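Engineer: Dropping a structure here in structure tokens format, bear with me for questions.
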Amino acid sequence: MSHSVKIYDTCIGCTQCVRACPLDVLEMVPWDGCKAGQIASSPRTEDCVGCKRCETACPTDFLSIRVYLGDETTRSMGLAY
């Protein structure tokens, strides 16, 4: 089953999500949008098992990273009924 990982611009570059991911789906890449100068990226979403440990580890008030599991992706986009 395919999962979608979305990184929002509220990411503060803390690396908590990257360290929490047991399958190294995430990595940090350079970004000028925060003090840390980096943002999480999800180049290997095909390896995501949907454990959502990255979401749990995110310290921002608005989760900067979200994992949408299979059909949940289309529901969240209003494409499923």
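Using N, Cα and C of the backbone, Cβ positions are placed for all residues, glycine too.
Summarising the annotation, Swiss-Prot assigns [4Fe-4S] cluster 1 binding site to Cys11, Cys14, Cys17, Cys58. According to Swiss-Prot, the feature [4Fe-4S] cluster 2 binding site maps to Cys21, Cys48, Cys51, Cys54. Among the features that Swiss-Prot reports, domain '4Fe-4S ferredoxin-type 1' is placed at 2-31. According to Swiss-Prot, the domain '4Fe-4S ferredoxin-type 2' annotation covers 37-68.
Help me see these features in their spatial surroundings.
Structural biologist: Secondary structure at Cys17 ([4Fe-4S] cluster 1 binding site), as computed by DSSP, is helix. Within its own chain, Cys17 ([4Fe-4S] cluster 1 binding site) has Leu26, Ala40, Cys54, Glu55, Ala57, Cys58, Ser64, Ile65 as residues 6 or more apart in sequence whose C-beta sits under 8 angstroms from its own.
Long-range Cβ proximity for Cys21 ([4Fe-4S] cluster 2 binding site), meaning a same-chain Cβ under 8 A and a gap of 6 or more residues, is found for Arg53, Cys54.
Proximity of distant same-chain residues to the domain '4Fe-4S ferredoxin-type 1' (2-31), defined by a Cβ-Cβ separation under 8 Å and at least 6 residues beyond the stretch ends, is recorded for 37-51, 53-60, 62-70, 73.
Same-chain residues lying 6 or more positions outside the domain '4Fe-4S ferredoxin-type 2' (37-68) and placing a CB less than 8 Å from one of its CB atoms are 1-31, 76.
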Engineer: Might you list, by sequence position, any residue in that chain lying six or more from Cys51 ([4Fe-4S] cluster 2 binding site) with a Cβ less than 8 Å away from its Cβ?
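Structural biologist: The list for Cys51 ([4Fe-4S] cluster 2 binding site) reads Pro22, given in order along the sequence.
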Engineer: Using DSSP reduced to three states, classify Cys51 ([4Fe-4S] cluster 2 binding site) as helix, strand or coil.
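Structural biologist: Going by the DSSP assignment, Cys51 ([4Fe-4S] cluster 2 binding site) belongs to neither helix nor strand, so it counts as coil.
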